[in-house]
Structure formats: structure tokens, C-alpha cells
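**Q** Quick one: the structure is below, questions incoming.
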Amino acid sequence: VKFDIKNQCGYTVWAAGLPGGGKEFDQGQTWTVNLAAGTASARFWGRTGCTFDASGKGSCRSGDCGGQLSCTVSGAVPATLAEYTQSDQDYYDVSLVDGFNIPLAINPTNTKCTAPACKADINAVCPSELKVDGGCNSACNVLQTDQYCCRNAYVNNCPATNYSKIFKNQCPQAYSYAKDDTATFACASGTDYSIVFCP
């Protein structure tokens, strides 16, 4: 499976992928990641405001992955995620479960499949208690309650909250909290994808 990751933002994005690593790329550039056969899942996200030295060590304002240019661990929250899982078919989503940093879209090459996007700038409407430098955090990450994190008593019955509704209203096709199962999409196995920052 091939992922073409494209930067349409008016600024540099340091893309990250598990698997895949990471890459600095400017507006208009593309980074291609080929997943090995049998790869069960992958996630991609964009990092902003990064500085790295010649050895690839440094830090990012949002989405930082342990201070490495080439990521081997998940990114720091908040970060808009493109998630992919392979089983009987492909399942994919744009996730705001870990918050939002930059707009993102997933475009399958199979045009019969849905192309979910989060094009809004959620940072512009982020409640002050969720606002952080470079992004808008999720209520679960900040408040850590079972209700916001869909844990314990809420594991099987976890309705949307006022916070997750802010994300959902801005980006109806994105996964807005842990139990927002309306926002996972399926496509035939063998499909390739492009992931676009600032679609």
C-alpha cells in the first residue's frame, strides 16, 4: 500500500509516519511511504514549528515524537491523525481523538470510497481550557475524566460531549472522540491513498 503525503499548507510541515519515520517538506512537496506487505496498521500526522540538528535530533511545537526527525514513537498531543488499519478490507479515518493541530484529508485512489477531511482551522474556535501552543487538545487529554475518555462506566455508553461537539461541528467527517464510530470508512484492500495537509 502506498501513501503519498502532500503539503498544501503555506508553511513547512514535518510529516511523521508509523511506520515511515519522518520528513521535512515545504508547500507543494510530496513524501511517498510504501507500507510493507502485511502491515496491519499505520498512522500519519503533521508536525509544526520544528528545529532539528544535522543528526535529526530536535523538537517540534506540535506533534513532536520524542525529539526525532524520523519518528519511531507516536507524536505528542494534540495532533490531527490519519489512521489506517488493514484486515478483510482497509479501514481509515481522520482522527481528532488526540486533538487538532493542522487540517488534513485522506484521499483513496479508489474513487468509490469516501475521502474524509478536516479542513477547518479548529485552533480558531478552540475553548481556552483546551488551547495549547500549536494546537487544540482533546477534553480527554486535558481533563482526564472517564466521561471524556470513554473509560470504566462510560466504556460501552459514551455520548458526545460539549467539547467533542465543537470538533464534530467543525469537521463532521472526522473522529471527534473515542466512541465516534460514524467516522471510520472502509475501502477495498489494495487501495493506495494520498494524505493532504491543508486540503
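Each residue, glycine too, has its Cβ placed from N, Cα and C.
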**Q** Have a look at Swiss-Prot and say which candidate in Cys126, Cys140 forms the disulphide with Cys136.
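**A** So the cysteine paired with Cys136 in Swiss-Prot is Cys126.
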**Q** Cys118 forms a disulfide with which residue in Swiss-Prot, given the options Cys65, Cys71, Cys171?
**A** Cys171
**Q** Taking Cα-Cα distance, which of the disulfide-bonded residues Cys65, Cys71, Cys126, Cys136, Cys140 are within 10 Å of Cys150 (disulfide bond)?
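**A** So the list is Cys140.
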**Q** Looking at the disulfide-bonded residues listed here (Cys65, Cys113, Cys126, Cys140, Cys149), whose Cα lies nearest to that of Cys198 (disulfide bond)?
**A** Cys126
**Q** Take the Cβ of Cys65 (disulfide bond) and count every other Cβ within 10 Å, whichever protein chain it belongs to.
**A** 24
